[in-house]
Amino acid sequence: MKFPGSVLASVFLFVAETMAALYLSSTYRSGGDGMWQSLTLLFSLLPCALVQLTLLFVHRDFSRDRPLVLLLHLLQLGPLFRCFEVLCIYCQSGHIEEPYVSITKKRQMPKNGLSEEIEKEVGQAEGKMFTHRSAFSRASVIQAFLGSAPQLTLQLYISTLQQDITVGRCVCMLLSLLSIVYGALRCNILAIKIKYDEYDVKVKPLAYVCIFLWRSFEIATRVIVLVLFTSVLKAWVVLVILINFFSFFLYPWILFWCSGSPFPENIEKALSRVGTTIVLCFLTLLYAGINMFCWSAVQLKINSPDLISKSQNWYRLLVYYMLRFIENAFLLLMWYLYKTDIYMYVCAPLLILKLLIGYCTAILFMLVFYQFFHPCKKLFSSSVSESFQQWLKCICCHCRWQKSSDSVGKTDVRSSGDRDETPSSSKVSSMPSQILNADDLYSA
């Protein structure tokens, strides 16, 4: 059984970020900043409650008679209790022989075009450990994008306005950034395991490093761009956020309504139609929150039993990053045009260049990951380089076709001009002969 390192990392970030946010809110209270205190508490306690509900939902504790567990989750101590359970399961796994095991079949990654199917015995302890890992992975994603991302944006905005970074605020921002990057990393791993559920997926350490660098540059530059734009155009940032949010929130529902599929009923047997609608709305809310700050790595598909599209669409990825780059460049341009005196000692063009290069660096690490370190790259119908070459060929063919059509149009115009000139010249040449004939008649 693998060591539950991901569970410990999730619990550490959850506890550390919550404690840092509570300490920071106390400093705002002592300084008389009631609004900053309220927003800091909101972005700290709201994801805590959502994490408790996620752990209860995944473990199906609502339909089980476990009052102590419900009480601990109500006291916001659920992750600590779950972590203690995980450590107990891991310590007892090698000492107790399990009488009942289940057999799972997984396919290995294809080698030389062949893929073998392997069988693996899974005991009750390992099944419980798998459920705990899955629950904490989902909880980390929820904490990252519904709590840590707004928290990091808020604290960086306060630091920009006050032109000061305290130790407590610096620690809180660092923990929030780590939480967001870790949540994005878990989102990538979850997407891979859901898309390739029938395969035995093994992620190498270099893949984790590449994802970490990709997400760090992407999220850091995105948050800085939003904070800079907010500091000079506070009213317009609401419009930017609403457009981004509702675009990603309504997109899965629009695809579902256009498909004409029936309403999904197989998400959870214990849920009613209203409960299923609430769960789907929460999933689309989380999907929109993720895409506000970075690429979600998955396409939410409501009419699918897994709720996730398993097809790898490089063009959707390309369109997302092109539009996001254009949006970041536009927001930085607006900041440059309307910047105030607090940026007097900031070299604005250099800062804009650094942020755009940072975002391009994130895209570079993403391409490196999909080209070299993706655990299921052998299953891709086309790699990143092949898709990029096809895209370049399409552009070149379009340019050639446009040039050829322009040249054909010019030749048509020239030929029509020549036709127009020919009869006019014949008319002019016939006029002197007519005049001469008239003179001859007069002389006669």
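Cβ from N, Cα, C; glycine included.
What TrEMBL annotates here:
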type     : residues : note
COMPBIAS : 409-422  : compositional bias 'Basic and acidic residues'
COMPBIAS : 424-433  : compositional bias 'Low complexity'
REGION   : 406-444  : region 'Disordered'
TRANSMEM : 36-58    : transmembrane segment
TRANSMEM : 165-185  : transmembrane segment
TRANSMEM : 206-229  : transmembrane segment
TRANSMEM : 235-258  : transmembrane segment
TRANSMEM : 270-298  : transmembrane segment
TRANSMEM : 318-338  : transmembrane segment
TRANSMEM : 350-373  : transmembrane segment
- Tertiary contacts of the transmembrane segment (235-258), as residues 6+ beyond its ends and Cβ separation under 8 Å: 226, 229, 284-285, 287-289, 291-292, 300-303, 331, 334
- Where, among 165-185, 206-229, 270-298, 318-338, do we find the most CB pairs under 8 A to the transmembrane segment (350-373)? 206-229
- Query: Between the stretches 165-185, 206-229, 318-338, which wins on the count of C-beta pairs under 8 angstroms to the transmembrane segment (270-298)?
  - Reply: 206-229
- Other same-chain positions with a Cβ less than 8 Å from the transmembrane segment (318-338) and lying at least 6 residues past its termini are 221-222, 225-226, 228-229, 231-233, 236, 240, 291, 295, 348-349, 352, 355-356, 359-360, 363, 366, 391
